[in-house]
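Record features (TrEMBL):
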type	residues	note
COMPBIAS	703-720	compositional bias 'Polar residues'
DOMAIN	24-164	domain 'ML-like'
REGION	624-728	region 'Disordered'
SIGNAL	1-22	signal peptide
TRANSMEM	333-357	transmembrane segment
TRANSMEM	385-405	transmembrane segment
TRANSMEM	411-431	transmembrane segment
TRANSMEM	472-495	transmembrane segment
TRANSMEM	501-520	transmembrane segment
TRANSMEM	532-553	transmembrane segment
TRANSMEM	565-591	transmembrane segment
Amino acid sequence: MKFSLSTSLLWLAAVAAPLVSAERIIQSNSLNPCMANSSFSATLFNVAFTPGNRSLGFAIEGISNIAGKIEADVELLVYGYPALNEKLDPCKQEELEGMCPMNSGPLTIKSNLPIDDSVMSIIPGIAYTIPDLDAVVRIIIRDAESLEQLACVEAELSNGHSVDQKAVAWVTAVIAGLGLMASAITSGLGHSNTAAHVAANAMSLFGYFQAQAFIGLCAVPLPPIVSAWTQNFQWTMGIIRVEFLQEMATWYQRATGGTPTTYLSQLSFISVEVQKKRKMRRAIDFTTGAVGRLMARSNAAATEAQAGGDRVVLHGIERVGFKAKIETTNIFFTGYTFFVIFVLFTVIGVVAFKYICEGLVKAGKMKTDKFVDFRNGWQTVLKGILFRVVLIGFPQMMVLGFWELTKRDSPGLVVLAILSVLTMIGILGWASSKVVRIAQRSIAMHKNPAYILYSDPVALNKWGFLYVQFKAAAYWFIIPWLGYLLIKAMFVGLAQGTPKAQGIAILIIEAGLLIGVSILRPWMDKKTNGFNIAIAAVNFLSAFFLFMFTEIFNQPPIVTGVMGVIFFIINAGFALILLLMLLVSSGFALFTKNPDTRYQPMRDDRGSFIKSQSQLTTELDALGATARGEGKGTHSSYTTSRGRIDDDDDYSSEEVRQMAAKEGGFSEHYQPAPPRSPVNDGSMSPAAPSFYDRRSPVPSYNRPGSNGAQYRQANNSSPWQRGAGYEH
């Protein structure tokens, strides 16, 4: 009797399994309930169909509480569409006579079944090529006399093809890393404009990848193709399986008082379901407390036929970790460790590059003016790079840290999570406030935030990661941007038990960001604004799809399935375009002699302020240095003094205004006195030790006898103010 029941169920699955065959193999690893108090359940369900030899191999362990005559309804759902609906009566079909009547009891079966030619003939050719096809066989068992529904089970079918590919993850990671490296190299070579553009695009692309990963981390049930696609970007969250690291994570958890899960090592004994459909979530809501306590790391999940079975359901972050072959209790430690490794390798790389450059210069293999800014101020550059690394890892550590606080895998992991969250928020919050203070001081003294932000190399190298991608007047935009990342991470990490709340919140957050950036357009130029607004628009569209996946409107299942395919097509095409754009810009930055010619000067005139320790090679550069009060070769003393940027946070706004008026020789209405002409002086002014010990470099254009009076009268906006948002 038991053998007949299993045979019948697997035969019904085999009818639908070939419909999604791609590599000539179909498999299903779990049989899931679809009703409350189902009288049949499987703790182990492994089915493999091979069309080549037309055989179906299976191993099943379960419990049946059904006794008597029954009838069954079989339904095949493809993207929610009912492709097959058939009624079976075991008492009228010879191959199912073993089920007439049925007997209750435990069930353990391992066998193979031949598949009839009539089944093979109905397979459409396209079914073998579609990755992550959303196909489910649903079997409803009823009492033959009363027609009472006794059991409902579903088997999700996979054709072995998926858009979740390691090659995709590697390509995206390599190109994103190449963009960051290209920006660092071009910056060291003195091409600041190119470096700023490439770095801004690389950071934006990395942020888009993290947004895709966030979709996969949400507890919202996702269509298979969406879950598989977002899995490609989980490397941005540090969710990467490394064998020795998993052993280390398990050891650390046990050493700090935790109990690790063992789902991956017990797949031969338990049935693990990664939640994909909303109806699956409804199916487990009724179960006894053990399944409900899965979120509290209980290994004793209940099945529907009998409490105490071994069936677990994973969703959200746990689903992502399981698909990456990482135990759920090791997810936070894995992400944390990869972030620490990223920081260490960054430090080692920068230090090694510095000493390699010095060695090449001493050996005569490299010119002395190559990477001179980096070699002279490499420690400041390293600080700035580390700050940028913290900014890159901020979304990752926030979502994993907040999530760990809800799971509490061990006291040691909770402490790491708290320290990570508080430290990173503190570092970026303090750095952002520093940028605001420097910019406000620059406005008070020079009527332009760009002056001090870009003319002091220490401030630029150390804090520039927070503002160089924005126009000068939008230096403050990093604060709402960090707020956006923090709030989004909080909903993803803390609201794993409320998928509808996650969907609604992320939709609202993305809509707010899209509206804000479309109105403010805070990035450095038109192209960069277009690049980032396009990313914000696609992120909003993805959030809308995520919202629909919650099935809050109870739309037909086929609508959700089709939306999943559209989600993949849009994001796959968009990601390809962004990758190609970054690859091309990185190539131009690395392999062209003067890549700055590809970009127009910034409207905020930041190029006029940026100092360089490299030799001034053109007359225009010399004139610009003279206007700033510098002489050729005097940058070293300037860098040493550092303009007291990092030490003068104590000045009140009144003291700054008085200092500005005293230094510049003009009133608070910004009416500068006539400057001395560097040509008439016959010599170049030496560099001042700080911003506060020299006159403001703002010339007067209306002085009688000035050779440029007519030009300046026609263009009366000061070059220090033009484009920075302070035109009058």
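Note: Cβ is positioned from N, Cα and C throughout, glycine not excepted.
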Look over the recorded stretches 333-357, 411-431, 501-520, 565-591 and say which has the most C-beta pairs under 8 A to the transmembrane segment (385-405). 411-431
Range from 411-431, 501-520, 532-553 with the greatest count of C-beta pairs under 8 A to the transmembrane segment (565-591): 532-553
Most Cβ pairs under 8 Å with the transmembrane segment (333-357), selected from 411-431, 472-495, 501-520: 411-431
